[in-house]
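Visitor: TrEMBL lists LYS122, GLN185, GLY214, ASP245, LYS384 with the feature UTP binding site. The substrate binding site feature in TrEMBL is assigned to HIS215.
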Amino acid sequence: MSANPHHPHTLSTLDFQGASSAAAANAMRTELNRLISQVKDENERKLFQNEMGNFFMLFNRFLAEKSKGTKINWDKVKSPPEDQVVPYDSIPKVESSPHLNKLAVLKLNGGLGTTMGCVGPKSAIEVRDGMTFLDLSVRQIEYLNKAKNVNVPFILMNSFNTDDETKRIVQKYATHNIEILTFNQSRYPRVNKDSLLPTPRNPNGDIADWYPPGHGDLFDSLNNSGLLDQLIADGKEYVFVSNVDNLGATVDEGILNHMVESDAEFLMEVTDKTRADIKGGTLIDYEGQIRLLEIAQVPSEHVEDFKSIKKFKIFNTNNLWVNLKAIKRVVEDRELKLEVIVNNKTTASGEKVIQLETAVGAGIKHFHNAHGVNVPRSRFLPVKSTSDLFLVTSDLYSLIHGELSINPKRMFNTVPLVKLGDHFKKVNGFMSRFKNSPHILELDHLTVTGDVTFGADVVLKGTVIIVANAGSHIDIPSGSILENKVVSGNLHILDH
C-alpha cells in the first residue's frame, strides 16, 4: 500500500517526535500491510484495509502521546462551568416530542456476560420476569412506536464476540412492530507490549489475537457499515446511545426536545457521584473546552483527587444523544481524536499485550454546543454484577412496558447498597441461593458472604450483614424478617 496523502485510509507516514516512534510506526505499517495482502477477496480486503487504516491512526496517536510522556496537565483540570451542565429539572417535561420520528436508538452490545459467569452476549442474560436485557429494550421501543405512532429503529452495535449469537436471538422479534438493525464494531489486532508489533500472523487466525476497541469506535463503525448514510437517508437526525446493561436508559422526549432547541450536536447524561461511582469518567473543563476525563487518563499521583466527590461531583452514565449529520462530518473530516486508553492484558500463553481503546463519550469535544445534562439516578441502572441483579429483580422496582421504575412505596430516593460474596458471583449460583427475591423496600445495606441460602418471602430492613465462615452454612428460613441484624456462624433449619 503506497503512501497517498489524499486517501485518508492509506497507512502513510506521519510526522513523528523521535526516531523510535517513527521506527515503531514503520514496523507496524509493514506488518499491517502484510496482513492486508493475505486477504484474497477484493471487497473483504477493502474493508479490512479500511479497518487497519483506522487502527494505524490510533496506533500513531498512542505513539505520539507516549513520546510526549504527558498524560494530562492536572493544574488545567477544572470543574465544568455551570452552563455546561444543565439540570434535568430545568428541562420542560413533555408528553410527546414532535422530533421522535427523527430519532434512532442504539445500544452498545459488544460485551460478553463472562464476569457474571454466563456464556454469550451479556444482553442475553435474564434480568427480570424471564426477560433479558434485549427483551426489555425491544419491548420499550415497540411500545413507544405503537403508543406514539412513530418508527424509531432499534440498533445494536455488536462486536465479533457477540454478533453471531445476537443475530440468532433477534430473529424472534421478526413479527414485532420494530425495525432492528445491527452492525459490527471494528476488530483490531492486539499489540505485543515489548515489540509494539501486532500479535496476529494472519487476518483470520486465532480470535484471541484480536479485540473490539471500546465503544469510541462507534463513530467510525457506524459510518463504515453504511448504516449512518442509511439512517440519514431515512430522515433520521438524532441517535440515543446507551449501554445495553443500563436498564434506566429509556427514551426521554424532554431531553430530545432540549437537544433540538439548544442546537446541541452532542448531549451527555451525567448524574451525581456516590461512593459507588468513584471510578466513573467525569466531565471537566480543560483549557476552556468541555472534555470527558476517564480514570485511565489520570496521573497516578492524582487518582485520589479524581475519586473525590467534592471536586468531581458528577460522572458519565454513557447515555448520549448525538446528531447523525454531525457524526458524518467529524468522521469524514477526520476530526476525531479520541483519547487513547491503553488496556494491558496477558494472554493465555503469558504474552504481555496491549489493547488500544477509546470511549464514545470522549467525542464530546468534537461537537458543537455539546454539554451535559444532570439527570436523576433512575436513568442509570446498570447491571454489572449479581449484586445489581439482586436489586433489579426485587420489589424495589416495578416493570411496565419493559421499563423499570422505582416502587412508590420506597420511602427514600436512594438505592440500597448491596454486596454479595463469591458464592453469589455467577448468575447460576446467585439464582440457586434464593427461593424467591427477598422484600427489600426498607433495606439500606446488605452484605452477604459465605455459603448462605434464603427461603421464600424473606424481608430485609435497615442494615443486614450475614456472614457464614468457611465450612459453615447459613439458611435463612422462609418468612424471616431481619431488621438491623448481624447473622453469623451456622444455621440449619429443617422442615419437620
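Cβ atoms here come from the backbone N, Cα and C positions, even for glycine.
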Visitor: What's the number of neighbouring CB atoms sitting within 10 A of the CB on GLN185 (UTP binding site)?
Guide: 27
Visitor: Between ASP245 (UTP binding site) and HIS215 (substrate binding site), find the distance joining the two CA atoms and give it rounded to the nearest Å.
Guide: 14
Visitor: Test of understanding: give the count of other CB atoms lying within 10 angstroms of the CB of GLY214 (UTP binding site).
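Guide: Step by step: centre on the Cβ of GLY214 (UTP binding site), count other Cβ atoms within 10 Å, giving 24.
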Visitor: Once the chains shown are all counted, how many other Cβ atoms turn up within 10 Å of the Cβ of LYS384 (UTP binding site)?
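Guide: Here the count is 14.
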Visitor: If one measures from the C-alpha of GLN185 (UTP binding site) to the C-alpha of HIS215 (substrate binding site), what distance in angstrom results, rounded to a whole number?
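Guide: Between the Cα atoms of GLN185 (UTP binding site) and HIS215 (substrate binding site), the distance comes to 8 Å.
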Visitor: Can you give me the Cα-Cα distance between LYS384 (UTP binding site) and HIS215 (substrate binding site) in Å, rounded to a whole number?
Guide: 17
Visitor: Please report the Cα separation of the residue listed as 'substrate binding site' and LYS122 (UTP binding site) in Å, rounded to an integer.
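Guide: Cα-Cα, rounded: 15 Å.
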Visitor: What is the number of other Cβ atoms found within 10 Å of the Cβ of HIS215 (substrate binding site)?
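Guide: HIS215 (substrate binding site): 24 neighbouring Cβ atoms within 10 Å.
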